[in-house]
Structures are given as C-alpha cells and as structure tokens.
Amino acid sequence: MKVLLANPRGFCAGVDRAIEIVERALKLHGAPVYVRHEVVHNKFVVDGLKAKGAIFVEDIADVPNEQVVIFSAHGVSMAVRKQTQDIDATIYDATCPLVTKVHKEVIRKQKQQHQVILIGHKGHPEVEGTLGQSNEELQLVETIEDVGRLNLSKNTPISYTTQTTLSIDDTKHIVDYLKSKFPTIDAPKKDNICYATQNRQDGVKILMQSSDILLVLGSSNSSNSNRLREIAEKMDIPAYLINDADEIDELWLKDVNTIGVTAGASAPEVLVQEVIHYLCDKGVTKVIEVNGAKENIHFPVPKELR
C-alpha cells in the first residue's frame with residue numbers, strides 16, 4: 001500500500017492566528033482566559049488550549065466581569081460584541097481577517113441600501129456572526145429552493161456574499177441560479193473568497209484521481225473538513241472524517257492499494273503524522289507528497305499581543 005498526501009493541508013493562516021492569539025493572551029495575562037465558542041473547530045486543538053487554561057463558553061453571560069475574552073476565528077455578532085464590552089472585558093478578536101472582510105462588505109452594501117443575500121449553512125457560527133453585523137436583515141440561502149423563497153424588492157439593488165468556508169465550487173449552483181433570477185445582482189470581490197478552502201478542495205480533487213479511499217483529519221463540526229469528505233464521496237470514492245488515527249477502522253483498508261490523506265484547515269499536522277505512522281504499521285511502504293497550491297499567507301496577531 002501507499003499513501004498520497006494532499007497539499008496544501010491542515011492549518012490555514014486564520015487558524016494559525018487564532019491559536020496564537022489564545023496562547024499569547026494566556027502568556028500575557030495568565031489563566032484563565034475565556035474564549036467565546038471553540039476558537040477553531042478541532043477537538044485536539046481545543047483540548048490542548050483547555051489544558052493551558054483557556055475556558056470555552058457559548059454564552060458571554062457565563063463570563064465573570066473584567067476577564068479576558070477572545071472571539072473565535074468564526075467571528076461574532078455585534079450583539080455579542082456589545083455584551084462583552086458591557087462586562088468590562090479585555091477583548092482580543094481572533095476573527096479570521098477574511099471573515100472580517102465579509103462583515104465589512106455586508107455593512108458597506110447595506111449602507112448603499114442593498115438587499116444582501118448570504119449563502120451559507122444555517123446555525124454555523126460564522127454565519128450567525130455575519131447575520132448579526134447590522135440591524136438590517138440579511139437573507140440566508142442554503143439551497144436553490146431557498147432562492148425561490150426569497151422575499152426581495154424589485155426596485156432595490158441586490159448583493160450576495162458567502163460563508164468563507166464554502167469554496168467557489170460549493171456555491172456555484174446557487175450563485176448561477178441567483179444570477180439567472182437577478183441578472184443585476186452584485187457579486188463579492190474575488191479576494192473575499194477564502195484561499196485555503198479552495199486550495200484544500202483542489203488538493204483533494206488531485207488525490208482522488210489516484211486514490212482508492214480518502215482519510216480526512218478534522219472534527220465533525222468543521223465545515224471545511226466535511227466539504228473535503230464530500231468531494232471524494234461525489235466522485236464515488238469512500239471517504240472518512242476522523243479526529244485522529246485511533247478512529248481508523250482496519251476494514252477500510254481491505255483490498256486498498258492507495259490511500260489519500262488530507263486535513264481540514266483547523267487540523268494540526270501532528271495528527272496527520274500519527275495517521276501516517278499508523279498506516280505504515282499496517283503495511284504502507286511508500287508515502288508521497290502530492291504537489292498543490294503554494295501558500296505563504298500570514299495574518300499578524302493584534303498589536304497588543306505582539
């Protein structure tokens with residue numbers, strides 16, 4: 001058996017930055033620091049930060065006054081931001097800069113009196129944060145059927161934007177339908193699209209040309225990790241989303257010659273290497289790094305933590 005390793009894989013710049021913010025805040029202030037929602041959607045990462053003194057909460061009401069509070073990489077609504085200010089917290093914002101760009105774009109379009117459509121998954125924390133960026137209503141669509149139910153004024157400009165963990169491929173069918181239904185609709189700027197989401201999906205497509213199965217390192221609540229699994233499944237290749245090597249079922253490897261391995265944007269490389277070690281123990285004799293898009297993007301932490 002052999003393993004094909006996808007490139008790029010694992011941490012993106014936004015995840016790197018978010019984790020670094022929590023670690024630097026702990027070093028500067030000491031434990032505990034409070035993090036609103038999981039800073040990134042990965043159990044291994046979250047458990048590691050908990051061990052260092054981070055406390056993860058879903059509701060700011062669970063945070064005592066005058067504490068350190070960090071917003072997760074997914075972003076928060078204006079209401080959550082105000083609630084945190086009201087308890088005199090020291091705030092560090094780990095929102096991915098690409099998510100922040102979407103927030104600013106939504107606010108800008110609404111100031112221009114546009115009706116704004118958000119393509120995304122209902123209930124995802126990034127979507128909840130984007131929906132809560134202003135008092136004006138955004139209309140959320142998840143499917144083509146949702147587009148048919150939109151209640152829009154014919155005399156007001158229309159714009160759309162997307163959840164950053166959805167690639168161009170993920171949203172193409174909805175975008176195409178929106179453009180056919182509303183020919184003058186404004187599209188987001190190209191640089192609002194998350195480079196990491198698209199690159200990791202493109203990497204999986206390359207792997208799937210030569211792989212019998214795909215193993216995706218990532219947590220079940222990670223949107224981008226689930227999309228990687230779905231790409232393989234749409235190509236009729238068995239794919240499994242796993243937290244770590246312990247979750248691999250040996251039956252998956254029966255009669256398999258080539259195993260594709262990748263990791264979602266919030267999964268650390270150490271987990272990939274543990275999987276490789278496990279597979280080598282099970283008979284893998286060759287591990288090949290497959291070429292993909294090069295990434296050299298870095299997002300700095302807030303100046304207060306430098």
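Each Cβ is built from the backbone N, Cα and C atoms, and glycine gets one as well.
Going through S167, S266 against Swiss-Prot, the one listed in the dimethylallyl diphosphate site together with H41, H74, H124, S222, S223, N224 turns out to be S266. Relative to C96 ([4Fe-4S] cluster binding site), the binding-site residues H41, H124, S222, S223, N224, S266 all have Cα atoms farther than 10 Å away. Taking T164 ((2E)-4-hydroxy-3-methylbut-2-enyl diphosphate binding site) as the reference point, the recorded positions whose C-alpha atoms are within 10 Å of its C-alpha, out of C12, E126, C194, are E126, C194.
Each of A13, G14, V15, A73, L98, V99, T164, T165, Y195, A196, T197, A265 belongs to the same chain as C12, C96, C194, is absent from that list, and has a C-beta within 8 angstroms of the C-beta centroid marking the [4Fe-4S] cluster site. For the recorded positions H74, E126, S222, S223, N224, a Cα to Cα distance of within 10 angstroms from C12 ([4Fe-4S] cluster binding site) holds for none.
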